[in-house]
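Peer 1: Positions annotated as transmembrane segment by TrEMBL: 48-66, 111-129, 135-155. Look at TrEMBL and you will find 166-190 tagged as region 'Disordered'.
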Amino acid sequence: TTAAIGKGLLIGSAAITALALGQAYFSKIEILQAGVVVLDFMKDPKILAGLFVGVVMPFLFTSLLLRAVGKAADKVIIEARKQIKGILSGKTKGDPKTFITIVTKAAQGGIIAPGILIFVIPVVIGILLGPGGVIALIIGTLLSGFAQAIFMANAGGAMDNAKKKIEEEGKSGTPEHAASVVGDTVGDPLKDTAGPSMNILIKLI
C-alpha cells in the first residue's frame, strides 16, 4: 500500500539525515580540535562504550513506547468493561469522551520517558566520553535504529495483513485466525508506534 511504501521512504530519509548530521558534527569537532578526534573502536574504551550505548538505545526507546501502549490499552479495557455493564443494564449510555481523555493522557504521559532519554543520553555521553563518544553514539543508534525500523515496519505490516488475508478467505474462527489476531495485536504497535518512532530517534540523537 501507499502507507507501507511511505514508511520505507521515511525510514530511509531518517537514516540519510542522521548520516548528514553526524558528518556535520564530526567535521565541526575536527575543526575545533585540529583533527585530533579519531575513532579507534578497538583501542579506545570510551569510543566502544559510546557505540554500545548507541546500539542499545533504540531497544530501550522501543520498550518504553510499547509499555506505554500496553498501559493505555489496559486503561481503555477497564473503562470499556465499566461502561458495558451500565449499557447492558440500561442505566447509562456510552461515553466516548472518556475514552478520548484516557488515550490522550496516556499518550502524553507515555512520551515523557522516551523524550527525556533522547535529550539526556547524548549530553551525558558527551560529558563522560567526549566528542568521540558522541560520534560513536550516533553511529550505534543509526545502525541499530535503522535495522529495527525496517524490521518493525515490515514485520508489523505482515502481521496485520495476515489477519486481513485470512478473513478474506473466510477462515474466521479457525485456529489460524485466532493466531493472526494475536499477531495483529503485536503488529499494530510495531508498525504504527515503535517503527515510525525510530525515525524520530535517529534524527534527534
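Glycine is treated like the rest: Cβ placed from N, Cα and C.
Just so you know, TrEMBL annotations never went through curation; they're auto-generated.
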Peer 1: Near the transmembrane segment (111-129), which same-chain residues lie under 8 Å Cβ to Cβ, leaving out any that are not at least 6 residues past its ends?
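Peer 2: For the transmembrane segment (111-129), the far contacts come to 46-47, 49-50, 53, 57, 60-61, 64-65, 68, 136-137, 197, 200-201, 204-205.
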Peer 1: Kindly report the helix/strand/coil residue split of the region 'Disordered' (166-190) according to DSSP, in that order.
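Peer 2: Across the region 'Disordered' (166-190), DSSP assigns the residues as follows: 19 helix, 0 strand, 6 coil.
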